[in-house]
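Input: a single structure, listed below in structure tokens.
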DNA sequence: CCCTTAAATCGGATTTGTTCTTATTTGATC
DNA sequence: GATCAAATAAGAACAAATCCGATTTAAGGG
């Protein structure tokens with residue numbers, strides 16, 4: 001997803017444009033990795049030093065609801081990255097547990113699963129491979 | 001995994017036997033679903049009304065480290081269930097997001113994945129299907 | 001342009017899940 | 001039964017996330 005697409009989605013849903021929102025999205029668009037709310041705060045402080053964490057958290061959850069951001073969880077804290085499933089087709093990621101860096105995996109296990117027990121009404125799924133990226137392996141040695 | 005196996009694992013690793021630990025394990029063994037620390041606290045209060053949450057949390061993490069409990073996360077809180085991967089072979093679950101009830105899924109996507117980018121050193125993976133179980137669908141209507 | 005209004009933001013207090021600290025108790029071993 | 005390390009209690013401390021009341025700001029209409 002591109003920054004412009006994200007802003008368009010916001011507009012379509014009646015959300016106001018603010019420089020802070022755009023900057024948050026730009027920050028997420030800048031790297032192929034999951035960022036924590038803290039990471040985003042840190043990066044946005046350069047342009048908006050007074051931004052409150054309430055704003056960051058509130059915007060993040062708006063973005064997640066609108067499908068602009070994808071969410072996961074590492075070490076008990078939420079991590080976010082610009083949605084990329086919509087770029088092509090649905091897929092999953094390998095995630096570096098050190099730095100949040102991601103890389104796409106082909107395919108989705110749901111396509112292959114023979115059967116989900118019929119006493120469950122399926123609402124979603126999560127498939128994530130965890131690891132350490134080359135950079136983080138190097139740094140930790 | 002059975003309660004006795006779990007206790008055996010504790011013993012093998014030099015942990016002391018306590019009634020509280022056994023009871024915690026029994027509680028987890030009693031149902032095929034993920035329980036929160038709070039759930040376990042609640043259930044154990046019948047036998048050990050004074051048990052502190054520190055004890056519950058500390059024991060839970062010991063159990064997770066020893067592979068006695070499996071951990072996941074729902075609604076921002078840790079959930080635990082008696083490990084069952086060791087029963088037969090490695091597998092995954094459908095999880096009811098309402099009550100934590102689980103059901104096994106055959107197979108593991110890691111077997112099918114063609115290739116993980118070689119710049120990642122894989123350390124683990126998570127595959128979970130989420131849904132609502134029959135009981136919870138009924139109750140919410 | 002200015003006015004109005006609802007949405008967005010601020011700043012701090014609050015909540016929630018979890019961990020830490022210190023003193024005390026208890027299980028295992030001799 | 002004495003000893004000692006491990007386990008526990010109780011509450012303080014922590015960190016992530018949310019809530020709240022007051023203020024500011026974007027968007028649209030006159």
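The backbone N, Cα and C atoms fix where each Cβ goes, glycine too.
The Fe cation binding site annotation in TrEMBL covers A:90, A:125. Around the Cβ of residue A:90 (Fe cation binding site), a 10 Å sphere holds 10 further Cβ atoms from the protein chains shown. Residue A:90 (Fe cation binding site) falls within neither a helix nor a strand when secondary structure is assigned with DSSP, and so counts as coil.
The feature Zn(2+) binding site is assigned by TrEMBL to A:96, A:99, A:133, A:136. Within 10 Å of the C-beta of residue A:136 (Zn(2+) binding site) there are 18 other C-beta atoms, taking all protein chains into account. In three-state terms derived from DSSP, residue A:136 (Zn(2+) binding site) belongs to a helical segment.
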Proximal but sequence-remote residues of the same chain as residue A:96 (Zn(2+) binding site) (Cβ under 8 Å, at least 6 apart): A:33, A:102, A:131, A:132, A:133, A:136
Around the Cβ of residue A:133 (Zn(2+) binding site), the count of other Cβ atoms that are within 10 Å: 23
Binding-site residues satisfying Cβ distance under 8 Å to any chain B Cβ, from A:90, A:96, A:136: A:96
Nearest-integer angstrom distance between the alpha carbons (Cα) of residue A:125 (Fe cation binding site) and residue A:99 (Zn(2+) binding site): 23
